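Notes to accompany the following structure.
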Amino acid sequence: MTLLMSEVRRLYCRRAFAGVLVAMVVTPIALGLLIRLGTHSGMLEARQFAAFAGASGLNFTAVGLLIGCQLVFVAVVAFIFGESVAREASWGSLGALLCEPVSRQRVLLCKTMVAVAAMSIAVAVYVATSILVGAILFGGGPLDIRGELPWPTALLRLSLSVVYITVTLSWVAALALMLSVITHDNPLAPVGGTVLIVAVCRLIIDLPTTIAFRDVLPLRYYDAWMDLLAPFVNWEQMVWGVLLSLFFASTFAAFAAVRFQTKDITR
């Protein structure tokens, strides 16, 4: 418990994590103000997007969630998990910690648990801010993306969407953790490496010539949560998304655990 609490204080008291939470609040607010106050006199697609997002608070929340998935969440997860080992190693405090009578696997487990909680808090703050901003700026109309959903049903579906997104981000978290262990004392490398790998996976999925193996990539069903916003839900793609994400997450986490156990990181 002492080890866990020290890890909580180490991460949650850092200014960098406070900056992450501030970004999770500011991003939906900026998006809402941009849609609400913007002139939208540009391209037709931009005007249609603004009209759709501003049709109701729930529509704005769904759009904010989509933007978060594409631009924000991966970077946040890569930062939290990518720095979990490498940052402390760069400070020189990891070696001192491992001199204590505690197993390396327990140290890594505590770091992972705290990072998972931090990731969940960051996503929850983003979604809660999006709901609040949407309700204030665009009112309490129904969610209408692939068919109209009333508030109670829409909130339940959005909650399930957040759970699905969090689960599918597990492989990104495990990848960043693995790179953090491998790079040892360079905290920027695992963060940048994770973001780069995710971007390459997204590019491969979007290329028409990669159809032969795109279905086995963990990002293939990352956007399947949008099926939850339809009146009738198709669960098949989300099931595959969860299975693929957990498979890759387990693989990366296992490699990280083995590497952390055997690598000389006491210097």
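The backbone N, Cα and C atoms fix where each Cβ goes, and this holds for glycine too.
Keep in mind that what you see is a predicted model, and the values were worked out from it rather than measured.
Pulled from TrEMBL, these are the features on record:
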TRANSMEM  12-37  transmembrane segment
TRANSMEM  57-81  transmembrane segment
TRANSMEM  114-138  transmembrane segment
TRANSMEM  158-181  transmembrane segment
TRANSMEM  188-205  transmembrane segment
TRANSMEM  238-258  transmembrane segment
Next on the checklist: Quick check: do the transmembrane segment (12-37) and the transmembrane segment (114-138) share at least 3 Cβ pairs under 8 Å, counting only pairs 6+ apart in sequence?
Outcome noted: yes
Item to check | Tertiary contacts of the transmembrane segment (238-258) (same chain, 6+ residues out, Cβ under 8 Å) | outcome: 105, 108, 112, 164, 167-171, 173-175, 177-178, 180-181, 216-218, 220-222, 224-225, 227-228
